[in-house]
Amino acid sequence: MPELPEVETVMRGMRLHLDGKTIARVAVRRADLRFPFPADLVARLEGATITGFARRAKYILIRLDTGDTLLLHLGMSGRVLLSLPGDAPVPDRHEHFFFETTDGTRCGLIDPRRFGAVDLMPTAEERAHRLLARLGPEPLGNQFSQHWLQEVLARRRTSIKAALLDQTVVAGLGNIYVSEALFRAGIHPARLACTLDAAEDARLVQAIRAVLREAIAAGGSSLRDYVQPDGELGYFQHAWRVYGRAGQGCPDCPGPPACHGVERLEQAGRSSFFCPLCQPPPGKVS
């Protein structure tokens, strides 16, 4: 699933080519994605001018001069593809929704597994939307701090990995960036969240911010379906230190015999990757 850096990259690409433009034509080819499309979606979008873009967690918000906001979610394998004026759009049988602006710019949502979402809401009611209302703070925002994390985690008797994947704790994180941040912070993914001390909370906040900023600068991580709106791949997968690297050497360790490399752990059906030397297992915290 595209995580915060990928969604931020997509949002920025859309903003670059669509901000200030007027939607001339809208087409819905399949309305049965994760949720049904609004019945009046086409009528409310056609003729509207795009006035701004935002991202909340893994959701893209497109604000319109009509007072509405168009919400897009890429789901498990969705992507946005832009065609600029004069380009020939590349047909894709999994494109379920698209719109064109008056200058010929085309924006399509391609979603093979149909776990994505498209919705329309009054802009004034964004915070109360059912998909946004319970989200935690943005990890790159001011509210996300060592004090916030310490207070929230003190009540969590789950693993720190599970806590960080909970979108009510912090918004937008997923498996890749949680694994990378925990490695940088030196925290084992199976540690109980409530056992972290203040110094570890502070390191973790810093690690999350650093990983996300670096990933955004690299255009995200291209894993299977993800590409940027212009069709280019992201590059942060080349900077992964532990994710997907089980059996390979830890970049921060001297190697055997002290460390035999990155290990994989399954947690709640998801793979976690860690270095057993840099991230001491529970019960061996130094």
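The count begins at 1 with the first shown residue.
Every residue gets a Cβ built from N, Cα and C, even glycine.
Keep in mind that what you see is a predicted model, and the values were worked out from it rather than measured.
The following features are taken from Swiss-Prot:
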ACT_SITE  P2  active site, schiff-base intermediate with DNA
ACT_SITE  E3  active site, proton donor
ACT_SITE  K58  active site, proton donor
BINDING   H94, R113, R156  DNA binding site
ZN_FING   241-280  zinc finger
ACT_SITE  R270  active site, proton donor
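The list of residues near the zinc finger (241-280) in space but at least 6 beyond its ends in sequence, with Cβ under 8 angstroms from a Cβ of it, reads 159, 161-162, 165, 175-176, 179-180, 182-184, 186-190, 286.
Across the residues annotated as binding DNA (H94, R113, R156), the two Cα atoms farthest apart lie 40 Å from each other. Shown for the zinc finger (241-280): DSSP residue counts in helix, strand and coil, namely 0 helix, 10 strand, 30 coil. Its Cβ taken as reference, P2 (active site, schiff-base intermediate with DNA) is surrounded by 27 other Cβ atoms within 10 Å in the chains shown. Sequence-distant contacts (6 or more apart, same chain, Cβ under 8 Å) of E3 (active site, proton donor) comprise K58, G172, L173, G174, N175, I176, Y177, G220, S221. If you draw a 10 Å sphere around the CB of R270 (active site, proton donor), it holds 15 other CB atoms from the protein chains shown. Ranking the recorded positions P2, H94, R113, R156 by Cα distance from R270 (active site, proton donor) puts P2 first. A straight line from the CA of R156 (DNA binding site) to the CA of P2 (active site, schiff-base intermediate with DNA) spans 26 Å. When Cβ neighbours within 10 Å are tallied across all protein chains shown, the highest count among the recorded positions K58, H94, R113 belongs to K58. Cα of P2 (active site, schiff-base intermediate with DNA) to Cα of H94 (DNA binding site): a span of 17 Å. There are 18 other Cβ atoms within 10 Å of the Cβ belonging to R156 (DNA binding site). The DSSP secondary structure for E3 (active site, proton donor) is coil.
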